[in-house]
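As structure tokens, the structure follows; a few thoughts come after it.
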Amino acid sequence: MAATVATPVTPTEHDPDRCGSEEEGRGAEAEEESSQQQTGPAAAAAATHSRLSKLPLARIKALMKTDPDVSLASQESVFIIAKATELFVEMIAKDALVYAQQGKRKTLQRKDLDNAIEAIDEFAFLEGTLDQ
């Protein structure tokens, strides 16, 4: 008798090489080349950063400028803050997901985040921040 092994399926990020037509890929490459020719290397670097970040860089820059100690924020610093924020949110969400799965749920709840914050030393600075 053969045994069946169930493996969890995890969602993957969009991969342009796996789906979509070749024409769409060529169109995006042509558009990218034309934007680089028209606007120069500085705009191309900003466009590269915005594609690599899932968070809106303009909003992050605005949030950074709300700090009175910050007068200017370079594109690189905004990108690094955005990437660090993405990684932080991903890490705490994965840790909270463990608690949701223990409760046989697929949806994260506030108590899952609370449990992750209490259980993991790296999140000690967040203790009490979710209290109402």
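Quick reminder: no glycine exception, Cβ is built from N, Cα and C everywhere.
Here is what TrEMBL records for this protein:
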COMPBIAS  1-11  compositional bias 'Low complexity'
COMPBIAS  12-29  compositional bias 'Basic and acidic residues'
COMPBIAS  35-47  compositional bias 'Low complexity'
DOMAIN    54-117  domain 'Transcription factor CBF/NF-Y/archaeal histone'
REGION    1-50  region 'Disordered'
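The helix, strand and coil residue counts that DSSP assigns across the domain 'Transcription factor CBF/NF-Y/archaeal histone' (54-117) are 45 helix, 0 strand, 19 coil. Per-residue pLDDT, averaged along the domain 'Transcription factor CBF/NF-Y/archaeal histone' (54-117), amounts to 94 for this model.
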